[in-house]
Amino acid sequence: CEKLNLHKIEPYGSKRRYARVWIPDSEEVWRSAELTKDYKQGDTVLHLQLEDGTDLEHKLDPKTKNLPHLRNPDILVGENDLTALSYLHEPAVLHNLKVRFIDSKLIYTYCGIVLVAINPYETLPIYGTDIINAYSGQNMGDMDPHIFAVAEEAYKQMARDERNQSIIVSGESGAGKTVSAKYAMRYFATVSGSASEANVEEKVLASNPIMEAIGNAKTTRNDNSSRFGKYIEIGFDKKYHIIGANMRTYLLEKSRVVFQADEERNYHVFYQLCASSHVPEFKALKLGSADVFHYTKQGRNPVIDGVDDAKEMSTTRNAFTLLGINESYQMGLFQVLAAILHLGNVDVKDRDADSSIIPPNNSHLMVFCELMGVAYQDMSHWLCHKKLKTAAETYIKPIPKLQAINARDALAKHIYAKLFNWIVDHVNKALHSTVKQHSFIGVLDIYGFETFEINSFEQFCINYANEKLQQQFNMHVFKLEQEEYMKEQIPWTLIDFYDNQPCINLIEAKMGVLDLLDEECKMPKGSDDSWAQKLYNTHLKTCSLFEKPRMSNKAFIIQHFADKVEYQCEGFLEKNKDTVNEEQIHVLKASKFDLLVELFRDEEKATSPTGVAPATGGRTRLSVKPDKGKPDKSSKEHKKTVGLQFRNSLQLLMETLNATTPHYVRCIKPNDYKYAFTFDPKRAVQQLRACGVLETIRISAAGFPSRWTYQEFFSRYRVLMKQKDVLPDKKMTCKNVLEKLVQDPDKYQFGKTKIFFRAGQVAYLEKLRADKLRAACIRIQKTIRCWLARKKYLRMKHAAITIQRYVRGYQARCLATFLRRTRAATIIQKYQRMYVARSSYRRKQAAALAMQCILRAFMARQLYRALLREHKAIIIQKMVRGWLARQWYKRSLAAVVYLQCCMRRMRAKRELKKLKIEARSVEHYKKLNIGMENKIMQLQRKIDDQNKDNRSLTERLSGLEVTHAAESERLRRELSRLRCAEEDAKNSNNRVITLQEELERLRAELQNTQKEKKAIEEWAQKYQDEMEQMISELKDQNNLLKNEKNDLNRLIQEQGQQWTEKMQRALKEETAQLETDLNEERSRYQNLLSEHLRLEEKYDDLKEEISLTVNVPKPGHRRTDSTHSSNESEYTYNSEFAESEEGSRGVEEKEKASLDMALFLKLQKRVTELEQEKQGLQNELDRREEQFQRARARDDEEHKKARSAELEYESLKRQELESENKKLKHNLNEMRQSLMSNAGAVSAAPGSPAYKVLLDQLNSSNEELEVRKEEVLILRSQLVSQKEAMQHKETMTEPLHYVEDVQKLGDAKEISQAYMGLKDTNRSPLPDMRKMNEDGELWLVYEGLKETNRLLESQLQAQRRSHESELEALRGELQSVKEENNRQQQLLAQNLQLPPEARIEASLQHEITRLTNENLVGDPKAYRISVLRRMIDLMEQLEKQDKTVRKLKKQLKVFAKKINDLEGGQIENVSPGQMADEPIRPVSIPRREKDFQGMLEYKKEDELKLVKNLILELKPRGVAVNLIPGLPAYILFMCLRHADYINDDQKVRSLLTSTINSIKKILKKRGDDFETVSFWLANTCRFLHCLKQYSGDEQFMKYNSPKQNEHCLSNFDLAEYRQVLSDLAIQIYQQLIKCMENILQPMIVSGMLEHETIQGVSGVKPTGLRKRTSSIADEGTYTLDSIIRQLNSFHSIMCQHGTDPELIKQVVKQQFYIVGAVTLNNLLLRKDMCSWSKGMQIRYNVSQLEEWLRDKNLMVCGAKETLEPLIQAAQLLQVKKKTDEDAEAICSMCNALTTAQIVKVLNLYTPVNAFEERVSVTFIRTIQNRLRDRKESPQLLLDTKIIYPVTFPFNPSSLALETIQIPGSLNLAFLTRV
């Protein structure tokens, strides 16, 4: 009906282009394709395109003209229920299973009433206790498919319908049948629990390892294949608790004992034995490796990967022990199994052709006989011979080797079958219960349909059983369909479905296959061939289901419901007969081995040995006794064959199943290679056809498979309706709309509550809806895009105008700027050029000036040098020339004179001659003297001038002569100097020559130097350039270094800041870790308290039940709850309670006598083991305590001297007080004596009124003095205890850090007392075990001891390490402490001489001085710490001593006043005037009236009335509404104060005990009432706070007013009772949370997930047969408003009762955790809830809860953080999930979710509408890879049972006790105010 044929073409045009269809494929079975061309009627070919883009022409069948199957819309793919698919056919089913299995990793899928389970071949975290709790109580359709959902449905129907249930698990080998059945039984064991203490559910689960060991084996398809069928009936009582179980087995595969195919193994137990052969107790079995024995090595693969056979053997033995099979029986079983292995190794040899023999002394046969206790000769003989009986005689015949081996194997199989049945029998006995069974749930784990290459008798029986089960399944499905149609009043039309009755008749009817087989077995010479011929002759022509193979005459084919199977006839007769040599059995019966005899004890009554077990005990038994007189009857009984027995047991099974409500689980094997999450379509389709899933689909598809309620239809398809079509009646609305949408009325039917649709109609409606939504989306997109385009256009227009304006303005500004810049450039150029010219001129001028300057300087220097040289030369020349002139003058003068003399002589001679001549010639003389006249004239004139010169010279000479002497002397000196100068000149001349040469050389050097200078200048310029470049580089580097420096400084600062933040973060993390550890300790402690309370309640219930059962009247008082501490139990019960306790103990002893002795012995053994373990822990604890005491003793000695001064001071002070008291007492006695003597002398007789009054006053004063004396003694004891405590505190300060850690856990006093109490408990002698373990106290003590020992061990190790590190420092300090001690003693001796007021100040001053001195040589930080500590200690001591002094002074003043009053009265009484004149008047001493002290007095007999009126009968909704919050607590405390005031120990104990027990009683009675629990939680906390506030402890008193401090308790320290009340408050808090959880639990899923808070966002998808809870808000459906109203109610009730604000915050945090955890868990288990729209709904709901927190000012209580996982899951549903960036964002966003939760949400993400997309597998793999390094718990679900540890912060009350008024409505008039 779902195909596209010519007459049934869907109206939406499935024949058109782009329609998607399924076409057959040889590899993938079915492939998806898409039409590329419209189909027209008459076309023979479809034009298709495959998903990979390949074009294909699909030819239609010319005969049928059937079109391919249509494909479902993508939105329907991956549904939880296959019946929710619109098109129901094979490819749709296969594709849906594949998508769920491969893409979503979901192994379970519903198919109507069937759960399809695909074996993942991988361990999945979906079977934990958290998953069980999540499915418990849920409807089957509400959660994702799961085996737990089927088990819960069966359990629920059993309880609701009072009808037995069955879960039928089927599938082929390796599909996971056994595991599914095991998980179903685990579910029943977990959710129901056992009704007794025998742990039946553990025994039921313990039977699995045993049955797997003896009945499971490795096959080629499965490593743990069950080779037998079993049906386990789990029995329940009237309260539906497990009370027992019974197991039936079917058709054990005995042939596996003696033969295994390749890659297969024998039964697991054989390999477990071989792997454990090294165990000492197994040495006698003489076993070895599995490769040694023939029966275990044939498969050639004795090892299973990942399985440790030795460990499995340990598990099997433990299971035997748990089921009550003792060690001797176990060893007997293993002995028989070992004997079977040795029997298989017995070697049989041929003697001749017709006989065989076993060689003598065969080692394996000897071991077999030894283990079995039989004779070697007998067994050796009968293994090779057989006895034949005829009518006349009996004779023994040898048998050939082959028959001997077959006989040996038959014997082994027979022994194993007997052993198997014996074990099943004893397992059933262990699981049997004496309590009457009210109902049961059966779990059938049976083989599925099998077909192999060679199919024999076993496969025939298995397939026969599956035919019967398939028939029952078809009938049940058909029946359910019929009931559904009749319930909805739909016209019922007969549906044609496959009926396999003909096949069953072929097998089991008269002359059927089994009948002919049994007949052939009775024939003397019957054979497999003759039987095959009979089958051919009988059925070949008459039955269409029976066929004969073409190529074989020894086989036949039967057409089963799943497939055709060819059976080989060979071996059918032998397996059906299953014969064994009776003489071998007789040999075994004669064994000395008791267990073997027990195995064959019923051999005479049994049928031929088979592995078949009937309904009652696991074995088929017939009431046949051996009768020698009737051998024919016995022989006839022994002829019952295996096939007949199997048929009978199968008939019993079918009768049982038909009497129950069946639930079906079909296990599918996805591939033959055991690859994880690998899907083989061929194998899957094969199994789907075989297991009946497709038949279910076919039956559903034949009618109306799709079903919607009217509300769901209206909600889903509201978009297809117009506003005018919506009527008030939604049913009529749906009818009207559907008639318009679907024209063919045959496509749907209207029922009473549902609409039924034909196949394909939902897809059609989904297409209409998608088209409507798509059209609406297009319209919305069109409008939005138009609006966006117009907005964009307007924005662009406005932007263009704006841009134009700005551009134009910009251009104008640019033009103006250009003009300005041009003008400016011109000016700049002018000035620049001027500047350049001026600069050039200035440079040139400066250069010229510089050159001129340099040149002129050079010239000046040259001129100067020349002038200087010239001047010097002139001077030299002047001197030289003067000297030379003078020398020359002198020489010339001498020469002239000489010449003149010579000349005159010559001239005279010549003149004489001339004269002689003239004389001789006058003319000659005239010629000679022609020029002489002129010369004479010249000479005359010259003579005249010379004369003038001579005269002037003479004158000068005369003047010079004067100066000549001095000048001569000067000249002489000058001459000598000049001579030296001459020498110098000569030298200088030489030097000048040298200098000239040097000058030439220098000039050459100068030229070279100039060249070098030029090179140097060039190099210098280059160097300068390089240096400048280097400098610039260095500057750059410097800048970089500066930047780096700045960066480094900044980095250092940032790192410093980061380190600071890191340290702060580490500190926060450490703090958070410590807080977490603290919370874990608190949680562990509180869980122990809750467990203790549960055990107490269970104990009370059991006691009541036993009392009712035994019919013994109960005493008047029931055993008090043992929630008090150990020291409380010593004195908190009065005598009345003790008597009733003794009476109850007597009753308990009588009851114990009637208990099961075996259970008692087990418990006694367990107690002994626990005692031994406890003794060992006690010894370890004692040893550690001794070490601790030794360390403490050493520290005591070190600190003893340091404290001696203070102790001595306190002792002296105490002695002073005692001496003062003695003095006062002495004075008082003297005064009394004097008063008595004076009164006797002066007064009247002793009976006079004045005497009596005075004597009474004196006696009262004396009594008061005695009381004060007692107070002084108490003070003394307190001082002593204070000293010891201070010593202990100082001793524990440094070495015992763990005590400080323990004391930090809470109230220091409470924890330390609890710890000391625990130590006392550990040191106490061992109590009576039976009394101690009445209600599990032994276990609690044991657990407490273990926890304490672990804590002490870890802390002692830490103490040891710290002690060793500090020991050296302490030794160094010891000497200084001793010296300081001596100084302290000296100071104390000095202080004792000072007055008392100055002592403390002097001690304090000295201490400060000492600490200051220490500071001079010590660490300032250590100094400050030590000063602070010492100052604190000193101030505490000072305050305490001041209080003591003030108190004692006040007492002394009172005594002194009374004594003065007495003395005054005495004087007045004895005055003479009064004696003589005045009458005697009574003397009265005035006493001040006391104010009301806030106490209430009651009589002892009114205590029960007080408790009754104030606790038991007080109703929070009645009288308590108008009371002051916490009034009952205040009243109880005021009564307690009075008992403390009068120092009545018994009254205090009795009142506290009665109060605690009464509160427990009222909570047990009305523990499910939130108001009651909240009321007493508030009052218990207030009572606890009052005990702390008025305890007198400094840490609590600082919050009090002075008046409140006066009301503190004075006589009793109730710290231990504070601990008891704290435990009681914890129990009440946990009860409050449970009560609140029970109220909230039904609301959470409906309100947070299912209800559409935002209407119309999410739509309901098709749901299939398993209807889930509707998400539409019908009447009675919880919504988010319901949750918020309930939260408001909780909050208002707690506020009204005066609950502490901090406690309210903790309650709200727990509430929100429950809401978040339950919501997230359901989200993770519901595929239909994982969508984008649901994420929006969740986020909106969470925002509403956050708004509620804001309204209540509770945002800081941590409640919002508990919702973080849910918020992140909702965000995960809404974020984009495509790219790597999306994956990174998801990983960073979802830090509160685990990897398993993130992957689960992504796998479950399901589009609700067509425009949503699924999450790709690649994206999920990316997420997994990114989150691979996360270290987190693999747990999937949040634990909803977690209760955060509660704390009760101290909350003092400002209410004054004296102002409290008791209302009359409480009926407490018997209380008196004090």
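For all residues, glycine too, the Cβ spot is worked out from N, Cα and C.
TrEMBL labels come from automatic prediction, so no person has curated them.
Annotated ATP binding site per TrEMBL: G171, E172, S173, G174, A175, G176, K177, T178, in sequence order. Take the CB of G174 (ATP binding site) and look out to 10 A: across all protein chains shown you find 22 other CB atoms.
Positions annotated as coiled coil by TrEMBL: 905-1105 (among others).
Residues annotated as coiled coil in TrEMBL: 1342-1387 (among others).
Averaged across the coiled coil (1431-1458), the predicted model reaches a pLDDT of 63. Sequence annotations record features per position, and here TrEMBL assigns coiled coil to 1431-1458 (among others).
TrEMBL lists 624-635 with the feature compositional bias 'Basic and acidic residues'.
Residues annotated as domain 'Myosin motor' in TrEMBL: 77-770.
Taken from TrEMBL, the feature domain 'Dilute' applies to 1553-1829.
The region 'Disordered' annotation in TrEMBL covers 607-640 (among others).
The region 'Disordered' annotation in TrEMBL covers 1112-1147 (among others).
Look at TrEMBL and you will find 1173-1205 (among others) tagged as region 'Disordered'.
Counting every protein chain shown, 24 other Cβ atoms lie within 10 Å of the Cβ of G176 (ATP binding site). Sequence-distant neighbours of A175 (ATP binding site): residues of the same chain at least 6 apart with a C-beta under 8 Å from its C-beta are A117, N119, N222, G448, C667, I668, K669, Q687. Cβ proximity to the ATP site centre (mean Cβ of G171, E172, S173, G174, A175, G176, K177, T178, cutoff 8 Å) flags the following additional same-chain residues: N119, N222, S225, S226, G448, C667, K669.
Around the Cβ of S173 (ATP binding site), the same chain contributes T219, R221, N222, S225, S226, Y447, G448, E450, K669, each under 8 angstroms and 6 or more positions distant in sequence. Just so you know, the Cβ of E172 (ATP binding site) picks up 24 other Cβ atoms within 10 Å once every protein chain is counted.
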